[in-house]
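Q: Pasting the feature list from TrEMBL:
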TRANSMEM  7-26  transmembrane segment
TRANSMEM  32-50  transmembrane segment
TRANSMEM  62-80  transmembrane segment
TRANSMEM  86-109  transmembrane segment
TRANSMEM  116-145  transmembrane segment
TRANSMEM  157-176  transmembrane segment
TRANSMEM  216-237  transmembrane segment
Amino acid sequence: MIQLDRFQFKLLLAFLMVLDHIDFFVSDNLSILFKILSRCVAVGFAYLVVDGFLYTKNLKNYLLRLYGFAIFMLIGNHFFNSLYAPYHIVIRNSIIMTYAIGLTMLFILSKVKKNFFIRFICCFALFYISDFFEGGFIILLFMYFSYIYHDDEKKRNIAYLIFSAVLFALTLNFSLQSPNPIMFMLKHCEFLFISIIPLLKIYNRKQGLNNAFSKYFFYIFYPVHLWIINYINYIMVK
């Protein structure tokens with residue numbers, strides 16, 4: 001079986017992520033196909049954040065890095081959105097902030113073990129805040145299950161399956177109120193995050209390439225590729 005280390009896994013997820021973001025340039029049918037194929041991306045990177053939390057030597061730096069690049073992206077988004085406003089092009093992506101919030105949740109869960117009330121209030125607040133950013137509570141719940149069942153693959157996958165089934169049921173319910181239920185399901189297929197299970201089978205948790213490039217690859221690639229794609233779209237419609 002093919003095995004991917006941490007950096008190779010990031011590259012695979014990044015490739016699928018690009019497919020999800022080029023819907024401006026492809027047909028509707030191809031766009032939907034790419035959307036389905038890429039539902040594993042957000043949770044895949046979320047899983048790597050959980051891995052990083054468990055194995056990092058400096059959690060403070062990890063948190064600062066995530067929040068720093070999240071703020072950097074939000075500032076960049078604001079700049080480009082101001083530029084593109086007359087053309088109704090909006091960059092809403094902000095998942096690095098969601099990962100930072102999720103990492104904060106894991107830190108609280110690991111440090112506040114005896115006071116359930118404080119844990120609940122803090123996590124509730126983080127879930128509420130996360131809903132303002134890409135991925136929202138879905139990413140946080142995925143990170144929670146990945147954390148508590150990190151060393152038990154069977155329980156982890158069962159938790160994923162139950163979570164996916166709940167999302168499917170909710171999406172199906174909303175789709176029945178839509179003029180085109182099938183198209184609604186295809187466009188709101190977050191429940192297909194479950195495709196991460198076979199991908200995790202080939203992720204061997206080894207570090208792989210370990211230098212500044214591999215360390216900062218996602219933080220740079222994620223916002224920059226979105227800004228480039230939307231800039232091309234801006235040039236095309238200008």
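Heads up, the Cβ atoms here are built off N, Cα and C, so glycines get one too.
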Q: For the transmembrane segment (116-145), could you work out the same-chain residues 6 or more beyond its ends whose Cβ comes under 8 Å from its Cβ atoms?
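A: Distant contacts of the transmembrane segment (116-145): 42-43, 46-47, 49-50, 92-95, 97-99, 101-106, 108-109, 156, 159-160, 163, 167, 190, 193.
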Q: What stretch of 7-26, 32-50, 62-80, 157-176 shows the most Cβ pairs under 8 Å to the transmembrane segment (86-109)?
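A: Most Cβ pairs under 8 Å with the transmembrane segment (86-109) come from 62-80.
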Q: Which sequence-distant residues neighbour the transmembrane segment (7-26)? Criterion: at least 6 residues beyond either end, Cβ under 8 Å.
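A: Same-chain contacts beyond the ends: 34-35, 37-38, 40-41, 44-45, 48, 199, 203, 207-210, 214, 217-218, 221-222, 225-226, 229, 232-233, 236.
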